[in-house]
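Feature annotation from TrEMBL assigns domain 'G-protein coupled receptors family 1 profile' to 39-289. What TrEMBL records for 23-46, 58-84, 96-118, 139-160, 194-216, 237-256, 268-291 is transmembrane segment.
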Amino acid sequence: MTNSSQVIYFTLTAYFDIGGLKYLYFMMVMCFYVLIISCNVLLIAVICVNRTLHEPMFLFLCSLFVNELYGSLGLFPFLLVQILSDVHSVSAPLCFLQIFCVYSYAAVEVLNLAVMSYDRYVAICFPLQYSSTMTDRKVALLIALTWALPVLATVVLVSLSAPLQLCGNVIDKVFCGNFSIVKLSCSNTSINNVYGLVLTVVSIVAPLVLILYTYGKILEVCFCATKQTRQKAVSTCTPHLASILNFSFGCCFQILQSRFDLSRVPPVLAIVLSLYFLTCQPLFNPVLYGLKMACLGNMNVKVRTDDQIKCIHFI
């Protein structure tokens with residue numbers, strides 16, 4: 001048996017020889033990474049500088065864009081180095097650091113999307129109480145919990161995996177994954193498996209239930225509202241729903257790939273799908289919401305319902 005502290009590096013076997021094309025792939029990935037950084041930094045700067053955007057929905061978006069930068073930072077520099085390298089190995093400390101970044105990014109992302117769905121629920125279902133409900137203190141607390149809870153949960157996850165006794169150092173992926181390391185263990189991994197499943201349920205299923213509940217209530221309001229109100233509700237919810245579906249697709253394949261044998265899937269397709277939630281989501285969100293933010297003149301829409309003027313914040 002070999003203790004994990006004695007394993008100084010892990011070998012990533014999902015990479016294959018691409019010869020001189022590695023320089024072309026390096027430039028493509030580098031340009032993609034620069035585009036992600038540029039889009040997210042630009043929108044963060046716009047929100048921070050423009051005081052009219054210091055509202056709950058934009059602050060949650062700012063948190064989302066910061067997380068996109070964080071998640072891409074955990075993958076792209078590592079990926080760029082591996083593309084140029086002839087020996088695809090990574091030191092054990094760096095591997096666990098990447099696991100922490102990737103898993104905390106995913107947990108923050110889904111929790112942030114859940115908080116955003118709650119914000120839309122309050123804005124559409126209780127527009128008159130929106131200002132009193134979504135106070136600055138509550139928004140700050142929600143953003144703090146969105147980051148603190150996933151970070152603490154991921155620290156526990158890595159703390160359980162790092163001391164495991166390993167019988168090998170080969171990971172059949174292009175980046176480090178927690179379950180891939182757990183499968184290399186020679187010792188009992190029951191605690192790791194149970195905690196991994198609990199973490200998956202709490203960090204993914206629970207926020208998904210909240211999202212489904214809030215959108216169920218939004219649909220109830222839309223059915224009883226005017227056509228104009230329904231159109232505005234669709235307008236404000238469409239980007240959010242698209243972001244949720246895009247991220248859910250990437251996460252589902254990542255979970256399936258980690259837990260089941262998908263050897264029949266073509267290697268190139270498996271690599272692309274395994275990287276999907278870490279590569280497409282960080283660019284998908286700023287482009288999607290950036291297009292909506294370009295029409296800030298329609299940000300506040302007044303809707304007449306039951307002879308009362310209700311102000312709903314849309315994006």
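Placed from the backbone N, Cα and C atoms, the Cβ positions cover glycine too.
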Check your understanding: At least three Cβ pairs under 8 Å linking the transmembrane segment (139-160) and the transmembrane segment (58-84), pairs spaced 6 or more in sequence?
Key -> yes
Practice item. Let me know the model's mean pLDDT on the domain 'G-protein coupled receptors family 1 profile' (39-289). Key: 88
